[in-house]
Every structure is written in C-alpha cells, then in structure tokens.
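> Residues or ranges marked as signal peptide by Swiss-Prot: 1-17. Among the features that Swiss-Prot reports, domain 'CFEM' is placed at 18-111, with the record citing sequence analysis. According to Swiss-Prot, the disulfide bond annotation covers C25-C68, C29-C63, C42-C49, C51-C84. Per Swiss-Prot, the feature heme binding site maps to D46; the stated evidence is sequence analysis. What Swiss-Prot lists as GPI-anchor amidated serine is S247, and the listing cites sequence analysis.
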Amino acid sequence: MKYSMITLGAFAMMAVAQLSSLPACGQTCISNMLALAPTFGCTANDASCLCSDVNFAYGIRDCSNAACGAEAAGPVIAYGVEYCSSAGVGLSGSATGIDPGLGPATAVVASTPIATDGASAGSLSAITTSEFTSYVISGDSTVSTIVGSTTIYGPAAGSSSAITTSPIVSTVTSGDTSYPTTVGSTTIFGVAGVISTPTASASSALDSLSSSIASEASVITSSASAAVSSLSSRLSSAASPVSTTTSSAGGARQTAFAGLAAAAGFAAIIL
C-alpha cells in the first residue's frame, strides 16, 4: 500500500513536470479534460478511471488539434498517451490520432448566450455574453467542455450620442388664429432609443399661451361690447326722430281732425 502511494505521488509529480513543458494551448486542453472527471464518473486525478473511458483520450486529441494545430498537437497527444500508460491503461488507434481508419471523433464548438450582470468595460456596458462549448462526439457518446466565452459590448446609456432631436409643438386654434408653442422635444440616441424630454420652459410656455389667449379673448370681448354699444347708440339716435315724427304726425292728425270738426260746426250753423 505504501509502495502504491509512493508510485502515485511520483507519477503525479512527473505529470505536472511534463504538463508545464507543453504549449499553453495543450495545457488548457489537458486541464479542461481533467476537470471533466465528474462527467466521466471519476474522482479528480484518478488516471485509471479517466483513461478507461476512450472519450477522455478523444477529448485530448480533438482539443489539441483544434486549439494547437495538427503539428503542435503531437506533444499534447503524446502526453495523454503517457499519462494513461503510467496508470496502466494503453491507448491506441484513433484516440492517439495514429490510426484514422477507426474514424475520428467530431468536435463541435457552439456558443450559448448566458445572462449578463451589466458589467461595463470603460465606457462600454456588456450587452450579452456567450459561452463557447466544445462537444466531442464519438459514436453515441458526447463530452462537452466550456473552452471560452465572448462578450458583446455597446456604449453605455450615459455615453450615448444623440442622432437627431425634434421639437414637440402644441398648436391651439382660436377662431382663425393659431398659436404654435414648443412644449418639449424628443431625442433619438444611438443606443438608448427614443427618449422624450419635456423642456424646462414648457410650463411657462403654456402659461404664456393661456395669457395670450385670454388677452385676445378680452380684446375680442371689449371690441364686441364697444360695437354693440355703438350700434345701440345709433339705433337710439335713429329711434328718436321716428318717435318725434310719429308724435308730430299724431299731432298733425289731431290738428286736422279739430279743423274738420270746426268746419263741420260752422257749416251746421249756416244751415
């Protein structure tokens, strides 16, 4: 038992030493595959368990080919073979990339949008962040590995620049007169969209408009009153002669009647 522990410790130290000699892309592939131990039903650093699943070796092979290129992938694949051989598990065929006749596994990289907390980079804010997941498919088995992420940034709301600004005009019509007044404005920003912002003088503009309308109405009312008064005066002036004439006519009729009566009486006396 003691011998086994010493051997395991020596193997772990050797593996660490060899891993550091690999290119950065290869170290990432090995680290990612080792981190998938729970996916393979293994505990961390259980080489025998990991290497017993051929998908572990396929993952190292395909990841190194995709990340490092075919030429630089050789040392990474060799590391995987040595790693499993030291644990007593031999690898051969397509897992090592030596025998393509067995059919290579298929590596698929997909991006999946994930929620963003709105963190900003300088004056930019994150719009969406996507994870890049590598799926290694061999037969009916699929192994997924998150190999990175990408974030799309856009200008923060506070740093948006206005594209165009248009006034909001209110028009009040009184009779044949119209009173246009700017009561606000609407601004289209590059990111924030359409933001409607009332002007600070909107209230005073409306008050001024109301006063103007009231003043115009007062002038119209005063003019109308003056016109009515003038018309009444003219009618009164015109009515007085008529009344006098009527009165005079009545008087004339009365005078004529009296003359006729006197003439009739005079005629009666003669008769």
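The backbone N, Cα and C atoms fix where each Cβ goes, and this holds for glycine too.
Surface or core, plus neighbours and distances: that's what I need for these features.
DSSP classifies C25 (disulfide bond) as helix under the three-state reduction. For C25 (disulfide bond), the same-chain residues that are 6 or more apart in sequence and have a Cβ closer than 8 Å to its Cβ are S64, A67, C68, A72, V76.
The Cβ neighbour count for C29 (disulfide bond), using a 10 Å radius and every protein chain shown, is 30.
C42 (disulfide bond) counts 19 other C-beta atoms within 10 Å of its own C-beta, drawing on all protein chains shown. A coil conformation is recorded for C42 (disulfide bond) in the three-state DSSP classification, outside any helix or strand.
Taking Cβ-Cβ distances under 8 Å and a sequence gap of 6 or more within the same chain, the neighbours of D46 (heme binding site) are A37.
In this structure, C84 (disulfide bond) is part of a helix by DSSP.
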> Based on Cα distances to C49 (disulfide bond), point out the closest of the disulfide-bonded residues C29, C63, C84.
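If we rank C29, C63, C84 by Cα distance to C49 (disulfide bond), first place goes to C84.
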> Fill in the CA-CA distance, C63 (disulfide bond) to C84 (disulfide bond), as an integer in Å.
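Their Cα atoms are separated by 17 Å.
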> Let me check the 10 A CB neighbour count of C68 (disulfide bond). How many other CB atoms are there?
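Around the Cβ of C68 (disulfide bond), 21 other Cβ atoms lie within 10 Å.
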> Over the domain 'CFEM' (18-111), what does the predicted model average in pLDDT?
78
> Measuring Cα to Cα, how many angstrom lie between C29 (disulfide bond) and C42 (disulfide bond)?
18
